[in-house]
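J.: One structure, pasted below without further comment.
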Amino acid sequence: MADKGSGGSRLPLALPPASQGCSSGGSGSSAGGSGNPRPPRNLQGLLQMAITAGSQEPDPPPEPMSEERRQWLQEAMSAAFRGQREEVEQMKNCLRVLSQATPAMAGEAELATDQQEREGALELLADLCENMDNAADFCQLSGMHLLVGRYLEAGAAGLRWRAAQLIGTCSQNVAAIQEQVLGLGALRKLLRLLDRDSCDTVRVKALFAISCLVREQEAGLLQFLRLDGFSVLMRAMQQQVQKLKVKSAFLLQNLLVGHPEHKGTLCSMGMVQQLVALVRTEHSPFHEHVLGALCSLVTDFPQGVRECREPELGLEELLRHRCQLLQQREEYQEELEFCEKLLQTCFSSPTDDSMDR
């Protein structure tokens, strides 16, 4: 079978020239602009290389493949398959480390070494699973069951946040993996981490995984609603961790834009009042995303506009003062635009009754 040595997976360094080779003035993806294709690490890379090579030479005249080119292609495909198999073996080794029981009666040094090995395995898996083929193989190897069942609730924060990060990495834009993760009950655990974990890094990584499970994923969003995810998101925006606040507000804004049908639910939760309260806090770049979410909440939604007009909120005065603060400050132009849009939407109408009917 395949050579397991480090040289066994190497591809031929250059594609033998055809009668009319690709121009060296192409995309510049090869090192130094030499025109030699970079060896693909797996089938996905091989496919991308073939697409790129084909796009550089439109409509070439059909001609038989030379024996030299045929041999190169066979070697490239063999190496790509071998590289994929080797990465699967790496994942299996990582899962063996993660599946082991914690050493019984171990001393402090031994426990620290054990944790480092597990963290290293999770980090390697996160790197490998950036590739969608590897992410699918990881799930087929029952890796996701292990993450959700054991590592999201591990005692060490370093294991919890790495598990959450790996779940997000695998789930990004892959519906089949998202469905498996949701079926394992991961979203409930991730929301609990976001809401209650004592480690800020765990909370940030949990939010990343949640975002990967609910954006562009209807089943995930429905679970998110049933688990009162919007309340968890609002509490995250009220924390003192800047990264957590910004990412929570950004996710809220994204969900409002993509799913306007849930605006009524959010208004009934008092979201308008809570967002305005956040805007009243000491000014920070985070406010851009809060005002963006508020804009999304009132756009084409009269109930949101009416709530923004409530006199006790004092929103109009707040927005006008903020506009004055942000004038001539280039770095806050998006926030300024949100303020102006809110003023136009909520406070420029000649009559309040016109929006009620």
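The backbone N, Cα and C atoms fix where each Cβ goes, and this holds for glycine too.
Since the structure is predicted, the reported quantities are computational estimates derived from the model, not experimental observations.
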J.: Scan Ser284, Ser349 for the residue that Swiss-Prot records as phosphoserine.
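T.: Among Ser284, Ser349, the one Swiss-Prot marks as phosphoserine is Ser349.
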J.: Where does the mean pLDDT land for the repeat 'ARM 1' (130-172)?
T.: 95
J.: Quick one: DSSP breakdown of the repeat 'ARM 1' (130-172) into helix, strand and coil?
T.: 33 helix, 0 strand, 10 coil
